[in-house]
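Engineer: Structure in structure tokens, see below.
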Amino acid sequence: MKRDYYEVLGVGKGADADEIKKAYRKLARQYHPDVNKAADAEEKFKEVKEAYDVLSEPQKRAQYDRFGHQDPNQGFGGGGFDASGMGGFGDIFDMFFGGGGRRANPNAPRKGSDLQFGLSIEFTETVFGKETDVEIPKEAECDTCHGSGAKPGTGVETCKTCSGTGQQEVAANTPFGRIVNRRVCTTCEGKGKVFKEKCSSCRGSGRVKVRRKIHLNIPAGVDDGAQLRVTGEGEPGVNGGPPGDLYVVLRVKSHEFFEREGNDIYCEVPLTYAQAALGDEIEVPTVDGRVKLKIPSGTQTETFFRLRGKGVPHLRGNGRGDQHVKVRVITPTKLSDKQKELLRELAELSGEKPGQHGGEDEGFFEKMKRAFRGE
């Protein structure tokens with residue numbers, strides 16, 4: 001039984017679109033098969049994606065909130081009586097005939113399956129975008145038999161199991177009397193024909209494994225977990241149906257200096273004691289190159305400075321986020337005798353003695369002492 005989609009994403013039913021997107025990204029990153037090697041990681045990833053696909057679309061979400069996992073089109077609507085929409089009756093038919101008795105026409109055209117492919121990209125490529133070619137493993141129509149599955153020149157023959165009808169009749173005694181049900185022939189899979197000899201290249205499947213080169217245009221501003229849809233590059237269709245689509249899931253590599261939150265970039269730079277006390281003009285790395293940043297005198301450690309427009313471009317809009325620079329004052333650990341002497345002189349000029357605190361900082365340390373004493 002499927003779990004509630006809100007429960008899967010760990011959000012409440014009143015969650016807004018941003019909360020749902022944030023929860024999805026966190027869980028997708030946690031369970032993605034490229035990262036998580038647990039046996040159930042792939043299933044959990046699919047469950048998370050399915051929940052997000054529904055809850056991120058307003059129309060689908062509204063329908064889910066009203067009907068849950070139950071298809072509102074089941075039952076007596078349009079297509080007449082459907083045993084699967086009648087609960088217990090569907091179970092009774094399954095009990096006597098199996099779940100495959102009411103399959104749709106197997107010869108009808110069907111869309112091919114969608115494919116999912118994980119692609120790792122660099123941090124800076126999310127900022128500026130990228131065009132690239134990737135090779136995708138997929139199934140394609142067999143060139144030997146042109147998708148028929150039969151060995152060239154051998155042809156097909158009428159299925160002996162169903163006499164070419166594509167269906168089998170199965171009778172069973174039930175509490176309602178003797179019931180005869182039709183189901184898809186298991187020998188020919190409803191086609192009514194079987195191969196005299198299977199194609200040796202595809203072993204009768206009509207498909208072979210290939211690697212197809214796909215051109216991707218990664219837009220600037222994408223984030224980790226984003227999906228690019230490439231229409232028609234999924235598995236080939238069945239019985240002349242259209243091919244499925246390809247979904248490329250982007251995995252952004254971590255950067256040794258930059259971190260990203262939304263469209264803003266964060267980094268940390270060191271300052272010497274003299275730079276923090278006296279002020280300075282330093283160079284700060286950005287994704288666009290180095291820029292000048294003025295540090296005012298008396299700057300404290302962990303102070304943030306903003307570089308406007310140096311963040312990540314907005315994916316659907318104009319402009320870019322900002323870069324936030326946190327400075328950290330580095331305390332020297334190896335001092336020469338001369339440096340120690342100068343620091344002692346500075347302490348004395350400030351009215352302090354080495355190892356003691358006074359002046360404006362006294363109140364801060366007194367508060368710390370009282371907090372430790374529980375006062």
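Note that Cβ sites are derived from N, Cα and C of the backbone, with glycine treated the same way.
Feature table excerpt (Swiss-Prot):
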BINDING   C142, C145, C199, C202  Zn(2+) 1 binding site
BINDING   C159, C162, C185, C188  Zn(2+) 2 binding site
DOMAIN    4-68  domain 'J'
REGION    349-375  region 'Disordered'
REPEAT    142-149  repeat 'CXXCXGXG motif'
REPEAT    159-166  repeat 'CXXCXGXG motif'
REPEAT    185-192  repeat 'CXXCXGXG motif'
REPEAT    199-206  repeat 'CXXCXGXG motif'
Engineer: Spatially, and counting Cα to Cα, which of the binding-site residues is closest to C145 (Zn(2+) 1 binding site)? Options: C159, C185, C188.
Structural biologist: C188
Engineer: How many Å lie between the Cα of C142 (Zn(2+) 1 binding site) and the Cα of C159 (Zn(2+) 2 binding site)?
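Structural biologist: Checking the Cα atoms of C142 (Zn(2+) 1 binding site) and C159 (Zn(2+) 2 binding site) gives a distance of 23 Å.
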Engineer: What's the CA to CA span in angstrom from C159 (Zn(2+) 2 binding site) over to C202 (Zn(2+) 1 binding site)?
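Structural biologist: Spelling it out, the Cα of C159 (Zn(2+) 2 binding site) and the Cα of C202 (Zn(2+) 1 binding site) are 21 Å apart.
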Engineer: For the repeat 'CXXCXGXG motif' (185-192), name the stretch out of 142-149, 159-166, 199-206 with the most CB-CB pairs under 8 Å.
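Structural biologist: Comparing 142-149, 159-166, 199-206 against the repeat 'CXXCXGXG motif' (185-192), the winner is 159-166.
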Engineer: Would you count the other C-beta atoms found within 10 angstroms of the C-beta of C188 (Zn(2+) 2 binding site) for me?
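Structural biologist: Excluding its own Cβ, the number within 10 Å is 23.
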Engineer: Would you mind checking how many other C-beta atoms are within 10 angstroms of the C-beta on C185 (Zn(2+) 2 binding site)?
Structural biologist: 21
Engineer: Taking residues 6+ outside the repeat 'CXXCXGXG motif' (142-149), which of them lie with a CB under 8 Å of any CB in it?
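Structural biologist: Long-range Cβ neighbours of the repeat 'CXXCXGXG motif' (142-149): 195, 198-202, 204-208, 236.
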Engineer: Distance check, please: Cα of C202 (Zn(2+) 1 binding site) against Cα of C185 (Zn(2+) 2 binding site), rounded to an integer number of angstrom.
Structural biologist: 22
